[in-house]
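Participant: For reference, Swiss-Prot lists these features for the protein:
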- 4-200: domain 'DPCK' (DOMAIN)
- Gly12, Ser13, Gly14, Lys15, Thr16, Thr17: ATP binding site (BINDING)
Amino acid sequence: MALVIGVTGGIGSGKTTVTNMFEPLGIEVVDTDLIAREVVQPQQPCLEAITQRYGPQILLADGNLNRKKLRDIVFADNSERLWLESVTHPAIRQLTVQRLRAAKSPYVILSSPLLLETDQYTLTDKIVAVDVDEAQQVERASARDGQSVEQIQAIMQKQITRQARLAKADYVIDNSHTLEHTHSQVQALHQTFTMLATAIEQK
């Protein structure tokens with residue numbers, strides 16, 4: 001398997017902005033947010049389990065999952081959140097491993113908001129934290145998702161703290177300034193990771 005670089009960050013940190021900058025450099029990105037959506041598509045076992053638990057009212061008219069309704073349920077009851085994770089996390093991990101193994105680029109990015117909160121970090125060789133301060137997280141996430149400040153803060157409370165994330169990271173990208181500033185950091189890390197991948201290949 002290629003060298004795996006985990007990229008994580010709190011809600012509103014701009015993690016996806018950063019990982020999107022690696023793709024034009026020829027680097028494959030495995031995004032667990034997208035995989036999490038795949039495993040609850042119609043006809044998938046995870047969606048069938050969710051429908052059995054909450055009934056057909058958890059679905060939209062077209063048969064897709066009503067994400068807002070499910071999100072409201074799991075935020076209101078921690079036991080429901082734990083149940084949902086017990087159903088979806090194994091499926092997400094299985095598909096994530098398949099995609100990482102199939103990657104053909106010199107190294108591969110594993111993008112995950114819960115990299116350090118779950119066992120996904122065990123799939124990585126190095127970890128990059130995308131960092132902004134908490135006030136920027138709330139402002140950006142609210143503008144992007146239209147969620148209330150309370151909902152965003154509830155998500156932040158379920159994620160590892162900013163300090164703990166930075167302590168566990170091998171590299172940090174400061175995403176609090178301009179896109180150009182972020183891009184220059186990505187370019188520098190790309191050089192580092194390419195050299196690391198080459199060194200591993202030559203062993």
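Don't overthink the numbers, they just go from 1 along the chain as shown.
Glycine is no exception: its Cβ is also placed from the backbone N, Cα and C atoms.
The shown structure was predicted, so the numbers you read here are calculated from the model rather than taken from an experiment.
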Participant: Secondary structure at Thr16 (ATP binding site) (DSSP, helix/strand/coil)?
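Facilitator: Where Thr16 (ATP binding site) sits, the three-state DSSP reduction gives helix.
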Participant: If you skip the near sequence neighbours and keep only those at least six away, which residues in the chain come within under 8 angstroms of Lys15 (ATP binding site), Cβ to Cβ?
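Facilitator: Listed in sequence order, they are Val7, Thr8, Gly9, Ser111, Pro113, Val130.
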Participant: Grab the pLDDT values for the domain 'DPCK' (4-200) and give me their mean, rounded.
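Facilitator: A mean pLDDT of 93 is what the model gives the domain 'DPCK' (4-200).
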Participant: Under a criterion of Cβ-Cβ distance under 8 Å and sequence separation of at least 6, what residues of the same chain contact Thr16 (ATP binding site)?
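Facilitator: Once residues fewer than 6 apart are set aside, Thr16 (ATP binding site) is near Asp31, Asp33, Ser111.
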